[in-house]
Structure formats: structure tokens, C-alpha cells
Amino acid sequence: MDLLSDIEKQLQKATAQAFLIALSGGLDSTVLLSLFAKLCQKQPHLPPLSIRAIHIHHGLSPNADSWAKHCQDLCDQFQIPLIIERVQVDKTNGIEAGAREARYQAIKKYLQTQEMLVTAHHLNDQTETFFLALKRGSGLKGLGAMQQQSVLFGMPILRPLLGFTRTQLENYAQKEKLNWITDESNEDNRYDRNFLRNEILPELRERWAHFDLAVQRSAQHCFEQQQLINDLLSEIFTEHCQIKNQFKLCQFRQYSLAKQTALLRMWLAENQLEMPSKRQLTQLINDVIFAKEEANPQFQLVNKVIRRYQDSLYLTKPFSDLTKCTLKLEQNTLNLPDDLGNLTVQENEHNLIFYWQDYSVTLEKTNLPISIRFGYSGKVKHYPKRPREDIKKIWQELGVPPWERNRIPLIFYGNELKSAVGFFRVLKSS
């Protein structure tokens, strides 16, 4: 079956009819763009297609500007709208990982509802991905490599060229007289993928002609085995995970280590996080799940933090330490730090009404300076028939997790705490 006919059949089964093509300007994505342009013209068996393309300008090569221009010229030729997005690459975890993260986050910004991202990954890419997973010591999920349709970073992705080799794409490009750019970094064998592509895999393909197809079969077996595990554990998983970012630990400690790690991986996958290593999972189980009951353990996973409270795990973003932050309330609206939103105040004849998120509190007017602070460790009186008590006890009774307590705006009149907005008011001691 040729490329065009195969993709046409794939699109007949696809739920989306709007597609955003990831266009680098290289051979693979140029072929992909050409095929979709032809389908737009052909379409006897397809409903009308909405096609756009996006080029990510990483700024890592001196040729990056000329690549962007090439992509624009190509899209003008095919009459396909193009988005060119410049990104800053965070190299903390390596250029490859940083570029990939920046690329997908930029694409996510432009992907519309009901639109599907289309990438030009092919059979050779699949083999490379499998070997990279093997090098990392990945389990079934990692060795399952790429699927023709999947979800990544919360985006639906279609990879229609996954069943074709690079040689087949080259033959198509030459037949159609297509022009494409070549990224000079593809020859740099310091990068693992390039080392595999340029040094290792050619030797294997020379010895075994159908090596890529064999790898694809193995990857598919791994994917199916992982799906089977997920199916068998789905009922138990639902008992532990009824809220997406929360994982209940009831009965969890009684399971085998294999069952524990499988359920945790399902939870992390549900939240679209990259899979941790076996060492990291073991550390999470030992240092967080099996930590002492009174502890407030946490575990950092790239840009997320796993925390434990009242026998549940919670997934949050990393939070800034706001305990030394004091903000003077001098206007009706105050912008709070660390993405906490705005605190606003309205007044009537006798009172001030403070609003934050979905909460509000009404306090008497004052001539004292008003400030907003975060975190307090003293004693307060909240309940009329009880004496002053440690604020920690009040937070515990209200069921507020420790990491949230220092993120709730505290209203001070002078140096006197008056209220934790939305949670409690401080009463005068009798």
C-alpha cells in the first residue's frame, strides 16, 4: 500500500477532522505536509479537512531563521496556514529534553479543541525510541514506544507514518521533487539518538533486513501487555484514585511491591507525567508512603511534587516559601504571589469584606494598617467555648493539608491576626 492510500484509510477512522501538523522542514515532516495537502485536494472519501501547520523556532542553530523561512515558503506553496513560534530552551536536563519540552508546550498553546496534532515519526524513529527505552531500563510502558494514536502532554497525537521506513519517505520525496532542510546536529553522535541512528542501527539493518519490523512487533507486544495489566488493575485503581491528583493509600501497603509500583505508574500516567525510574519509585514508596504517620513527606518529580496527608498522596506543583512574605493592603485589589490570584476588598458603612478565589470574610472596619501574611505559628481563639489554642490544631480540624496552610491569606490588623480568608475568623479572648 502506498503512503497516500494508507493515510487516507487512517483518516477515515480518525475521530478528528482538524489537524495541526508539526513541521520542522526536514524530510519526514515535509513528506507529511505534502501528503495532507494532497488529501485536501483529493477527498472523495473524506469529509472536509481543516489543516494547519506549526514550526517551532528553537533558536539552537545558526540556520534556525532560514529553516523558518523554508517552512513558510513550503506552506505558501501548499496553501496551508503556518504558525511560527519562537521558544526558549531550558537546558537544565539536557538540550534534547529541553527542546522537546519547549516544543510540545508551545504546540499545546496553539492546538485547538477538536484538533489533533500530527507528527511525522516513522518506523526508523520507532526503533530508535525502543532502543533508548531499553538503554534507560524501561518497563513495558517505555518499551511499548510510540503508538499510531496516543495522548502526550494532554494532546491527542496522530502518527500516520509510523508504519513506513525513512527509505520509503525518501522515495516519495524524490518522486514528488520535494525540497527539505537538513539539521546539522543530526550528525553529532554525542546525542544518544544520533549515535543509534548513525552508528548502531545501520549495522543491525545490514545484518537483518527486516529488523525494524521485528522491533515494532516487540514494541507492540510490550504495549499490549501493559494494556492488559492496566485492564486487570483498573477496578482496584479506581478505588485508590477517585480524584485525579489524589491517591488513597488504604490497603495499599498490603500489596506486593510489583502491584504497588504498577498502581503508582497508572496514577502518574493518569496525570500525564513522565514515568520515574525504578529507583525513584522505590524511594517514593519507602520515603513517602511508609514514612511515619506524623511526618509530612514529599517527593520531587521534575515539575511536580508528591505529598502525603491523612493516608493519601497528593500531586501538586512546587510552591514558593511565603512564610516571610508581608503585603500591605493599600488599595482595593492586591496581587498575591505564587499564582494565588487577587485579594480584593469592598467596604460598607461598618465593615470590610475581603474576597479571595471563591472565599470571603467580613470584618469590622479599622484604623490600623492592614497587611496580608502567610503562615502563622501562634495561638488563636476560634471557637467561642474553647480557650486559645495552637493554630496547627485548628488547621488539622479543618482538614487543611500542611502545604496549603502557608498559602492561605491571613489578614492582620496591625500585628493582630483577624482571619484566614475562607477558613476561620479569630475571636477576641474573653
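Just so you know, glycine gets a Cβ as well, placed from its N, Cα and C.
Note that this is a predicted model, so its numbers are computed, not measured.
According to Swiss-Prot:
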type	residues	note
BINDING	SER24, GLY25, GLY26, LEU27, ASP28, SER29	ATP binding site
Fewest other C-beta atoms within 10 angstroms, as judged across SER24, GLY25, GLY26, ASP28, which are the binding-site residues: GLY26
Site with most surrounding Cβ atoms, counting all protein chains shown within 10 Å, from the binding-site residues LEU27, SER29: SER29
Residues close to ATP site centre defined by SER24, GLY25, GLY26, LEU27, ASP28, SER29, Cβ within 8 Å: LEU23, THR30, VAL31, LEU32, ALA120, TRP180, ILE181
